[in-house]
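K.L.:
Okay, handing you the structure first.
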Amino acid sequence: MIVDSVSQKPTTLVQKTINIYLCGPTVYNDLHLGNTRPLIVFDVLNRVLKKAKYTVNFVQNITDIDDKIIKIAQQQEVSESVVTKQQITAYKSLLKKLNILPIKHIQITEKIDKIPDYIDQLVNQNHAYVSTQNNVYFAVNSLKQYGYLANRMVHLEETDTDKKNKLDFVLWKITTAGIKWNSKWGLGRPGWHVECAFLIDYCFKNELTIHGGGVDLKFPHHENENALHMALYNQPITKHWMHIGHLMIENQKMSKSLQNFLLAVDFLNFHDFRVLRWIFYQKHYLHPIDLNQSLIEKANNDIQRIAKTLNVARTWLVYSEQSELISPKQYDPVFSALLDNLNFANAVAAIWKLIKKINTSIKTKDFSVLREQLSFLEWSIDLLGISFKSIHTKLNVRLIKEWSILHKQKAMDKADQIRKKLIKKMLL
């Protein structure tokens, strides 16, 4: 079940094929931490849907032509493709570092030659017009549903540009700067809003299940995408909307324009990727998160606590000779929480309750119960994308078994020497 962020209504996903479109980056520089929140939230959604036996088609655009890209290319005296190729490589590397499951990426430049025909349909239906300077604009007053997403009324406002209405937005921009494409209106480039609307139409037609992005995209970007689709098909561009809350610093949205951002790659140079993911699980995805040092430290401590629980539990199962073929097992309290509109609070609470039970089983040496509890924990953290690689190497397992034998033989001095080694290795 998800709650539509526009209608505010809960919806059960009935169809077994789920089509997702998440607005992607404009690749002119590196992502800041705020940009990663939608990626991580939608990655969990993707994991949950797949575990629930849905077929998921997950598409994300990469905007690889834009005024910012052209400006940087000119400053560096290179082509736009040199800039974007470097940034796309960096972006995909970041996705791997964040443990994001594979997404189908489509670069806008790969499909631009098809966009003029899409725009021409809007012109022919009188939803778009060609200006005196041969730019093509969408006429917002041609669509009575315009303003639906943002819940605002649209009034005709005069403008001193070649647009008829201040809110009209560009579909095709005539330009002499940077890379250009041919069209019946002249050399130029498509506008940002029409790029996403076209890609959704190209990939899914009228079958998009969930459209997502940061809450700041709700207006004007998603409003304008939706308007284009409504104009052509007389129905919304997607069945459901998911908007992700801001990442804040000192009560201000983290953004490049405010110069209050921290690059994701810089954060990951000092912190485990699991720390960032865990931070985003501390609030519902709709709500803003205020990033501060205490939150980072708490998340770091939490991740270390989870890792230690896994390591110690595995060690005791080796000790008790019950460590063979432990496979992750579905844990309903975590799964149910995430199926309920990604209720991170309940999922996290369920994990802490499970860890408490694991510690009790270790104390009481109830190893058969511990074995099942560990399989629950491994399944749960995999669902959240924060799994750990086992540190129980052959050498470490041999050391644990040696400790086990000495401990059971009551050779306490020798056993304690090995125990200290195990503690140092984070195995106890």
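Glycine too: its Cβ is placed from the backbone N, Cα and C atoms.
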K.L.:
Choose the correct range: of 25-35, 58-68, 80-90, 410-420, which one does Swiss-Prot annotate as motif ''HIGH' region'? Give that range.
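P.N.:
When 25-35, 58-68, 80-90, 410-420 are checked in Swiss-Prot, motif ''HIGH' region' belongs to 25-35.
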K.L.:
Under Swiss-Prot, which of the candidate ranges 113-117, 223-227, 253-257, 328-332 is annotated motif ''KMSKS' region'?
P.N.:
253-257
K.L.:
Near Lys256 (ATP binding site), how many other Cβ atoms are within 10 Å of its Cβ?
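P.N.:
There are 16 such Cβ atoms around Lys256 (ATP binding site).
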K.L.:
Give me the count of other Cβ atoms within 10 A of the Cβ belonging to Cys196 (Zn(2+) binding site).
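P.N.:
For Cys196 (Zn(2+) binding site), the count of other Cβ atoms within 10 Å is 25.
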K.L.:
Please list the DSSP helix, strand and coil residue counts for the motif ''KMSKS' region' (253-257).
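P.N.:
Counting residues per DSSP class in the motif ''KMSKS' region' (253-257), I get 0 helix, 1 strand, 4 coil.
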K.L.:
Would you kindly give the Cα-Cα distance separating Lys256 (ATP binding site) and Cys23 (Zn(2+) binding site), rounded to the nearest Å?
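P.N.:
Between the alpha carbons of Cys23 (Zn(2+) binding site) and Lys256 (ATP binding site) there are 18 Å.
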K.L.:
Beyond the listed site residues Cys23, Cys196, His221, Glu225, identify every same-chain residue whose Cβ lies within 8 Å of the center of their Cβ atoms for the Zn(2+) site.
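P.N.:
Counting only non-site residues, the set is Trp192, His193, Glu195, Ala197, His211, Gly213, Leu217, His222, Asn224.
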